[in-house]
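In what follows, a single structure is set out as structure tokens and then discussed.
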């Protein structure tokens with residue numbers, strides 16, 4: 001009896017200590033909404049960083065907490081102002097009220113800023129108006145981009161320079177500056193150098209007619225950390241290449257040169273000494289030297305007369321067989337070649353010479369040119385699988401006794417190690 005009593009007491013104790021089943025949630029509890037406003041601001045901030053500005057603005061209206069996150073400095077480091085006139089552009093512009101709010105509440109937070117303007121003078125003026133108000137910010141990058149014609153050039157030079165100088169003076173750590181197609185001049189570049197010489201790493205200023213060779217030389221002499229530079233050929237000089245090759249200067253990584261002629265016979269193109277190129281490539285052996293040519297045939301005489309360290313060549317107008325032949329002889333570092341037009345004389349010998357001497361060539365594009373199918377196959381065979389980009393219009397290839405258009409893609413594919421077809425001209 002006692003044993004039985006003890007067993008009974010033990011069973012009762014175990015039942016008492018057993019976990020009670022959870023009470024199911026009532027319908028009222030299940031339907032109670034979550035309070036999203038109580039999310040940690042760090043979490044909301046992380047989500048907001050992935051949202052477009054318009055969606056972020058809508059989300060900021062959910063509650064006071066989210067609105068506070070919307071105005072946090074981290075979300076306003078980078079901004080692109082899009083300035084367009086409805087009458088001349090179909091692109092959506094940044095709302096004027098938003099621009100006012102940014103200048104009022106976030107101008108001191110901005111660090112990475114770009115302006116995209118359409119072809120109207122009014123849009124360029126609006127960009128300058130915003131620039132002139134950025135007196136409390138220190139930008140790291142600035143880009144002025146004309147999406148159509150260069151509308152900044154329509155402004156009075158003094159008005160543009162005044163606005164740009166505000167940024168140069170107040171930004172003490174500017175590292176990237178893109179001001180192509182603008183009326184920037186030598187004195188404004190001196191202001192840039194005086195305030196940002198230790199930090200400037202990238203400068204793109206193609207088609208800036210008010211800058212002289214002395215002006216860009218001042219930048220190269222003082223900005224020893226400059227790694228990327230884009231300019232027009234008339235600003236290139238032996239002195240500039242030697243300044244970029246000095247012991248104080250870091251190794252340049254990218255140099256783009258635009259060689260442009262608007263009026264045939266009226267533009268004089270000077271010659272750069274071979275010794276200057278040699279010093280430049282010795283100092284920066286891995287530099288990408290990109291050259292865009294928009295010249296008429298008779299204007300190529302000063303170019304490709306001796307070896308130059310060009311890696312990327314783009315010919316935007318018709319270029320003669322003779323010039324392309326000289327390219328094969330003088331550009332051993334060539335990586336990419338694009339020829340928009342040549343004429344009706346086949347480029348067989350020129351392509352073979354380029355394949356023989358340009359051992360790093362990995363990309364080629366041919367537009368309105370002519371090449372025999374046999375020469376093209378031989379060219380691909382010599383280059384082999386290193387041709388990662390091969391863009392040739394079908395009209396360029398001329399069938400011969402050895403290959404037809406139907407046969408050539410098999411032969412080229414075999415040497416490339418991948419399936420290849422010539423580009424087709426759209427029929428619409």
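From the backbone N, Cα and C atoms, a Cβ is placed for every residue, glycine too.
It should be emphasised that the depicted structure is a prediction, and the values quoted were computed from it without experimental measurement.
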- To which of the residue ranges 1-33, 34-66 does Swiss-Prot assign the term region 'Disordered'? 1-33
- Residues outside the repeat 'LRR 1' (119-146) whose C-beta sits under 8 Å from one of its C-beta atoms, at least 6 past its ends, are 81, 83-85, 88-89, 99, 103, 107-113, 152, 154-155, 159-160, 162-164, 166-167, 170-182, 199
- Task: Could you please provide the mean pLDDT value for the repeat 'LRR 6' (343-368)?
- Result: 92
